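**Student:** There's a structure below that I have some questions on.
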Amino acid sequence: MRKPCCDKQDTNKGAWSKEEDQKLIDYIRKHGEGCWRSLPQAAGLLRCGKSCRLRWINYLRPDLKRGNFGEDEEDLIIKLHALLGNRWSLIAGRLPGRTDNEVKNYWNSHLRRKLINMGIDPNNHRLNQNLLRSRNSPNPANATSSGSKIQAKQQPTKSRVDSEQTSDAGSCLEDDQCALPDLNLDLTMSIPSSSIAHVQGNPKDNESNFLRPQKIAPSSNLLLSQ
DNA sequence: AAATCCCGCAACCGCGATGAA
DNA sequence: GTTCATCGCGGTTGCGGGATT
């Protein structure tokens, strides 16, 4: 049994009711986001602040797109994952109306399997060595990728046992044998003018800023060319 | 029709980062 | 420089419902 995230005994857990949703929406409409710690009490909710924040960000925000991912979105996620690894918030930041949780779930439930069926290791985006070998072997039956559902079912169920979950995808870009050789992942950012002075003063900050998604201004221009 | 399996999604938890005192 | 409170992220879990047996 998991330990509760909040010490308080009188906080609700689990699925949100419509009333709770409405309270949260009403409160944020009036007062805006922020100060999640004190929000539940102020809004009359028996929830911890963390839970409120998550509910708002992942489900209630008015600018959320929801619905199925388009092919262009799928492509973008795959490319960004190849470059960034499991930095879901950073990836979601390039997909308007999508949340990190949504992108993460979609990756784990759809895209991972899709790549596997294509013979690509979803962790490092390289062609699966076993598949490469079997493709070279005289028995073509080994190389087939049909029957995707059956193949998927042979995978250990998601992360529950799956140590593959952790990704070193970012490193594949340094490798000549990356599975996506035609991919030009020229992911560059234009630094907001207000922060240029800081960066110029300390060139090493370029890297650290890039790896710190929450520090990237929403207006940052992350260019992805192909 | 009932039982079981499996998938997708919402929500929770732990932990690192950050900023204020 | 240290401590503490809070926020935000990524990993993980659990439930509901559809698919399969």
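Positions of Cβ are set from backbone N, Cα and C atoms, glycine also.
Just lifted these from TrEMBL, have a look:
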- A:8-60: domain 'Myb-like' (DOMAIN)
- A:8-60: domain 'HTH myb-type' (DOMAIN)
- A:61-115: domain 'HTH myb-type' (DOMAIN)
- A:61-111: domain 'Myb-like' (DOMAIN)
- A:126-175: region 'Disordered' (REGION)
- A:126-169: compositional bias 'Polar residues' (COMPBIAS)
**Student:** Please spell out the DSSP helix, strand and coil residue counts for the domain 'HTH myb-type' (A:61-115).
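**Tutor:** Output for the domain 'HTH myb-type' (A:61-115) reads 35 helix, 0 strand, 20 coil.
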**Student:** When secondary structure is assigned with DSSP, how many helix, strand and coil residues does the domain 'Myb-like' (A:8-60) contain?
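**Tutor:** Across the domain 'Myb-like' (A:8-60), DSSP assigns the residues as follows: 31 helix, 0 strand, 22 coil.
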**Student:** Taking the domain 'HTH myb-type' (A:61-115) alone, what is its mean pLDDT?
**Tutor:** 86
